[in-house]
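Inspection log for the structure reproduced underneath, given as structure tokens.
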Amino acid sequence: MGHGVEGRNRPSAPLDSQAAAQVASTLQALATPSRLMILTQLRNGPLPVTDLAEAIGMEQSAVSHQLRVLRNLGLVVGDRAGRSIVYSLYDTHVAQLLDEAIYHSEHLHLGLSDRHPSAG
């Protein structure tokens with residue numbers, strides 16, 4: 001699969017069932033408000049679990065559980081720093097995916113569209 005939007009490195013072929021399942025798992029991870037809040041906070045930079053929990057107003061154990069799910073899906077990484085684990089987004093693709101989801105939601109809310117003129 002490729003990377004990008006609007007003609008920039010689009011996938012060269014339709015998704016097969018395995019790739020479709022992987023994409024669905026990623027999108028399911030984004031379908032949980034608490035995970036979106038975590039990813040949005042990490043969009044601003046790496047944080048240890050304690051700071052992340054405080055920033056989004058969740059219990060540390062709940063944040064740790066959600067981070068484990070996000071890590072297993074390849075959306076975040078954790079690096080040990082002394083006795084803490086500092087989490088960050090896996091890469092810029094995760095930030096772009098998050099940005100596009102937020103952008104799309106805002107456009108729907110405002111009744112806007114970025115449809116190409118030939119899209120009818």
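From the backbone N, Cα and C atoms, a Cβ is placed for every residue, glycine too.
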- Message: Looking at 49-72, 73-96, which stretch does Swiss-Prot describe as DNA-binding region?
- Response: 49-72
- Short question: which residues 6 or more past the ends of the DNA-binding region (49-72) have a Cβ under 8 Å from it? 29, 32, 34-35, 37-39, 41-42, 78, 84-85, 87
- Item | Secondary structure content, the DNA-binding region (49-72) (per DSSP, counts of residues) | 21 helix, 0 strand, 3 coil
